[in-house]
Amino acid sequence: MNPVNYLYLAALLFAIGATGVLIRRNAIVVFMCIELMLNACNLAFVAFSRLHGNLDGQIIAFFTMVVAAAEVVVGLAIIVSLFRSRHSASVDDASLMKL
Amino acid sequence: MSFPLLTATAALPAVGAIATAAVPAARRAAAKWLALFFSLATLVLAVVVLVRFDPDGDRYQLTESRAWIADFGVRYELGVDGIGVALIALTALLIPFIILAGWHDADPLETKSSRWRPTQGFFALILAVEAMVIISFEATDVFLFYIFFEAMLIPMYFLIGGFGDRAHAGSDEKASAQRSYAAVKFLLYNLVGGLIMLAAVIGLYVVAGNFSLQEIAEARANGSLDMATNTERLLFLGFFFAFAVKAPLWPLHTWLPNAMGEATAPVAVLITAVVDKVGTFAMLRFCLQLFPEASKWATPVILVLALISIIYGALLAVGQRDIKRLVAYASISHFGFIILGIFAMTSQGQSGATLYMVNHGLSTAALMLVAGFLISRRGSRLIADYGGVQKVAPVLAGTFLVGGLATLSLPGLAPFVSEFLVLVGVFARYPAVGIIATLGIVLAALYTLVLYQRTMTGPVKPEVSAMPDLRVRELAVVAPLIALLIGLGVYPKPLTELVNPAVKHTMSDVQKKDPQPEVEAAK
Amino acid sequence: MNTENLIALLVAAPLLGAAVLLCGGRRLDRVGPWLGTLLAAVPFVIGLVLFTDMLGKGAEERSLHQHLFSWIPVEGFQADVAFQLDQLSMTFVLLISGVGTLIHLYSIGYMEHDERRRRFFGYLNLFLAAMLLLVLADNYLLLYVGWEGVGLASYLLIGFWQHKPSAATAAKKAFLVNRVGDMGLSIAIMLMFTTFGTFAFEPVLGAAEETSEGKLTAIGLMLLLAACGKSAQVPLQSWLGDAMEGPTPVSALIHAATMVTAGVYLIVRSGVIFNGAPDAQLAVTVVGAVTLLFGAIVGCAKDDIKKALAGSTMSQIGYMILAAGLGPIGYVFAIMHLVTHGFFKAGLFLGAGSVMHGMNDEVDMRKYGGLRKYMPVTFVTFGLGYLAIIGFPGLSGFFSKDKIIEAAFAKGGTEGWILGSVALLGAAITAYYMTRVMIMTFFGEKRWEPDAQGNAPHPHESPKSMTIPMILLAVGSVFAGGFFSIGDRFMHWLEPVTHHDHGDSPLSAATVTGATMVVLVIGVSMAWVQYGRRPVPSVAPRGSLVTRAARRDLLQDDFNHVVLVRGGEHLTRSLVYVDHTLVDGVVNGTAASVGGLSGRLRKLQNGYARSYAVSMFGGAAVLIVATLLMRAV
């Protein structure tokens, strides 16, 4: 199979994730969409790794996974504490810093 | 390598600043004495510099040079000429008086918590300013100079904004709003000037490849570094703009009355007598030396601006109702004289301008500090709130008068010598400019005597009738200043001999010769 | 012993006195006046020593020099603190220190009850030091120091009673008007520097003859401006009348005998410059002639005894300036009149002070009258001064003023006739107003009344310390002129400095003297008709238009007030406004517009994470497109 197809898939996934981030208000969904985008990137990295025949892309993909894991930890913690304090997971409600 | 005297002179007040800031909250008095001690120790070092400096020796002496940021050709280069030595001496001399005069200006208000340490901060900031000013007078590397030229703004900002005049009329909130307005205005004005200068500094690096004043000046003199006329002019303007803001030159002056009006009297002296001098000093050292052709090109415009400063500043001083703002406008007028002397491009004008920097420092300090003592007694800066003070506090009135007479350049006091030299120097090359500038001496008499008359003479106002005369501490501040004003007025020779060789060098930098007297020229 | 070294002591002694008295504190209150007087007498004694020493030398060797130290050495600019004592300076030294000592002595009595008298004597000593410096300097810059120094002393002394607003205002006015004159002096010095490369007397005056007339005229006119300020000549005369706010000894010493004559000294000292600049000389004579009439007219209208005498001073100095403007014909007579005037005018002022002392400080002559019975010594000394000033034959003023009128005619041409006639007319008016003062004060019925508190004045003779100086000055007023004129000895004494030139008068000396006598008689009799035969009303009549104008100093003050004071106030007020709204406005406007712009930009930060994300994606997209485009190119 032509590895370029993987790139098309990655682009499609990224676009879906981006749209989700932009239009959804639920913090969990936004969060999932971000994960989708990250994984789209991972897919692209791995595909490039295959295309160029070296391992750089796969290494970066591992980095991304670590970062994603860390992000999930921090992000979920924030969302949970947000939900606890105001009983809503909407990102629009979190506007305390707004002037 | 010999003992780095110049570094030590600049570093000592910096160490003092840190030490003073570290004094615990409860030991307020100790912080004051510590600051005073460090300022006096700096004075001792400055005197050593003065003694070690040989006026007839090399142009730059006591030089130090170390690599710093090698990639950009930035070096830690210090060196002083006669002008720098004179100004370092002035700075080191004035700081102890400023500290002594501001002894109680930063005592904490009772309402604040016990961890509140304004006193320590006040004196530490003053010492920090001193350190930066001194190193600006010493730096012969353009970048090094620029850093401290700009860094000075930070402690000054806090000094103006954080320690205003308690005696200000009106509510506390209004006063603090005006104070922060003045501080922000000071900061923004000088930052804008500094940013434009930064662009010029980078431009200079692009053209010359390094930041060393001596190397660039040498290369310019022997022709190995050629600048396009327009490049030189633009770079000159970039530098000059920053210095003209700091000096300040009309129409970039409006921050000074605000800053001097809102700050306490000692801080006002620090601004006008010490920090502003860096601006005029840098015109003499950097503008003329790095861009001689552009300086000559810009001379007509600068002379006109300086003339406007002289007359305009004096007229506005006449119209002020606030003692400190009056002194500020008078200072603008005096800075006009200094800039006039620098750009007259005659030996008399430039020697006069240098002497003027020193003498103006002394005379403004005398007048402003006494004004500060007066204001702290009555709690008002408005001239109209005073009257007949000389009857209740004759010594205060007498010292105020001497300070005023120095401001109007009475012969026999130091400012006369410098003002006359500037006038003669300007007149020799531009007679019309000289004559108009002479009007300034009439106006100076007007604002000084009006101020004296309204505050000190006439019937005693009830509010001032219980005013105490000068205390010992206050007299210890004023008496030496007055003695110096008289001493340098009668015998300015040591100072002129210190400055003359440096002026000769500058004159050869710009390749100008003094105009010949007519009688000799005819022969 | 080398007599040159004494010169510095002339200045140093009173300077020391000033320093000690002003910084000494209350401990010196008691001895202060005596200490001040003693230190004022020191220069007089040294002056006498130097004078006798000078007389022992040949006429050309009499000029002494003392170089103290180099003052302002700058590349191409050399100012020294150095003294020159020649015949002209010597004359001034003796006059200043002599009259000065007498007036110190007088002040001991006059200021007895003033609690600040220590300071008064300090200021007087300061004045003496500055005045001596002025006449002893060997260059114009050092002269300038003395010149402003006397201005300062005059400022301090006019405003000595600072609690009176009028005194403080008068002091400020005097200093300011003088500053305008000083501007002239400093421009003159600058001109000298650019022309001659120096401003020391010897080289400047030595090279003056070879210099172009234009330069000399410019220098001369600037020196004239300086002289106008210091000597209260039109148009800078307005301060002198107000200066009478000062204590009377000050008026006698500074504003009659010495400081106000500094302008005459300056012109005579710079004689060589004026000789080479006929236009400047003409200006000097015109100023002198105008002022001598101006002062005389003002003197006729004033009811305040001191202001009447101030008008007279102005007028008499006008004579001196006129004489100085005549060139070598007149220099000697200018100085001679200066010296005799120093005696009689100081005497007259001290007499006026003595009258005020006995009359509860009343200065209005309409409240005097018949005082000769109460104050015999004052009456006699004042009377002798009066006779001297109107030029009564045989007294001082007769010799000196007569010579000036003669010299004015001798200038020749139409100018000579005009100047001579003006001088004659001035003599007539002098006789008129001085007789008026004399009659209103000492003759007629007594006109004083109890004041608001019911204190009637009890006129009495003043104490000895006041009458002795008056007697000594009266002796000078009587004999000085005659003494100087015996064998023209004053002329020969000053000859080496002023180079006298006789000129040829179209009128003989006898004719001029005759004419002077005639106008003298006319003036005196007019005054007698008006004030002697009729009782003097104790409230001034409204008077004619001229009288009213003269009472207001011929409206010159009103002009100043409207044009300079009001105009200046408007100017400064509008400038303050401009500075605040325009200059500062531009800056604040910039700040405000930056603030406004950032306020708009701030709205972009709406707090919704999505919109930030949109801008991020948008930015990324723009970057990608840009990169692709760059690739394609």
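Cβ coordinates come from backbone N, Cα and C, glycine included.
TrEMBL lists B:139-442 with the feature domain 'NADH:quinone oxidoreductase/Mrp antiporter transmembrane'.
Residues or ranges marked as transmembrane segment in TrEMBL: B:6-26 (among others).
Look at TrEMBL and you will find B:33-53 (among others) tagged as transmembrane segment.
Sequence-distant contacts of the transmembrane segment (B:82-101) (same chain, at least 6 residues past either end, Cβ-Cβ under 8 Å): 9, 13, 32, 35-36, 39-40, 42-43, 45-47, 49-50, 53, 55, 123, 126-127, 130, 133-134, 137-138, 265-267, 269-270, 273-274, 277, 281, 284-285, 354, 357-358, 361-362, 365, 369, 372-373, 473-474, 476-477, 480-481, 484, 495, 498-503. What TrEMBL lists as transmembrane segment is B:82-101 (among others).
Under the heading transmembrane segment, TrEMBL lists B:121-137 (among others).
The list of residues near the transmembrane segment (B:143-165) in space but at least 6 beyond its ends in sequence, with Cβ under 8 angstroms from a Cβ of it, reads 68-69, 72, 74-77, 105-106, 118, 121-122, 125-126, 128-129, 132-133, 135-136, 175-176, 178-180, 182-184, 186-187, 190-191, 194, 197-198, 201, 205, 211, 242, 246, 259, 262-265, 267, 270-271, 275, 278, 282, 286, 324, 375, 381. Residues annotated as transmembrane segment in TrEMBL: B:143-165 (among others).
Summarising the annotation, TrEMBL assigns transmembrane segment to B:186-208 (among others).
Summarising the annotation, TrEMBL assigns transmembrane segment to B:234-255 (among others).
Listed as Cβ neighbours of the transmembrane segment (B:297-319) (distance under 8 Å, sequence separation of 6 or more from its ends, same chain) are residues 233, 236-237, 240, 244, 249-251, 253, 326-327, 329-337, 339-340, 343-345, 426, 430, 433, 436-437, 439-440, 443-444, 446-447, 450. As annotated by TrEMBL, transmembrane segment applies to B:297-319 (among others).
TrEMBL lists B:326-345 (among others) with the feature transmembrane segment. Long-range contacts of the transmembrane segment (B:326-345) within the same chain: residues 244, 247-250, 253, 256-257, 259-261, 268, 272, 276, 280, 283-284, 288, 295-296, 299, 302-303, 305-314, 316-317, 320, 352-353, 356-357, 360, 364, 367-368, 371, 383, 407, 418-419, 421-422, 425-426, 428-430, 433, 437, 440, 443-444, 447-448, 451, 507, 510, 512, each at least 6 residues beyond the stretch ends and with a Cβ under 8 Å from a Cβ of the stretch.
Here TrEMBL flags B:357-375 (among others) as transmembrane segment.
If you look up TrEMBL, you'll see B:430-452 (among others) marked as transmembrane segment.
Long-range contacts of the transmembrane segment (B:472-491) within the same chain: residues 93, 97, 100-101, 103, 358-359, 362-363, 365-366, 369-370, 373, 395, 399, 402-403, 406, 411-417, each at least 6 residues beyond the stretch ends and with a Cβ under 8 Å from a Cβ of the stretch. If you look up TrEMBL, you'll see B:472-491 (among others) marked as transmembrane segment.
Only sequence-distant pairs (6 or more apart) were considered; of these, fewer than three Cβ pairs between the transmembrane segment (B:121-137) and the transmembrane segment (B:357-375) are under 8 A, so the stretches are not in contact. Counting residues 6+ beyond its ends, the transmembrane segment (B:357-375) has Cβ neighbours under 8 Å at 86-87, 89-90, 94, 97-98, 101, 165, 167, 260, 264-266, 268-269, 272-274, 277, 280-281, 323-324, 327, 330-331, 334-335, 338, 381, 386, 389, 396, 399-400, 402-404, 406-407, 413-415, 417-418, 455, 470, 474, 477-478, 481-482, 484-485, 488, 495 in the same chain. Residues of the same chain lying 6 or more positions beyond the ends of the transmembrane segment (B:234-255) and with a Cβ under 8 Å from any Cβ of it are 149, 182, 185-186, 189-190, 192-194, 196-197, 199-201, 203-204, 207, 227, 275-276, 278-280, 282-283, 286-287, 290-291, 294-295, 297-298, 302, 305-306, 308-309, 312-313, 332, 335-336, 338-339.
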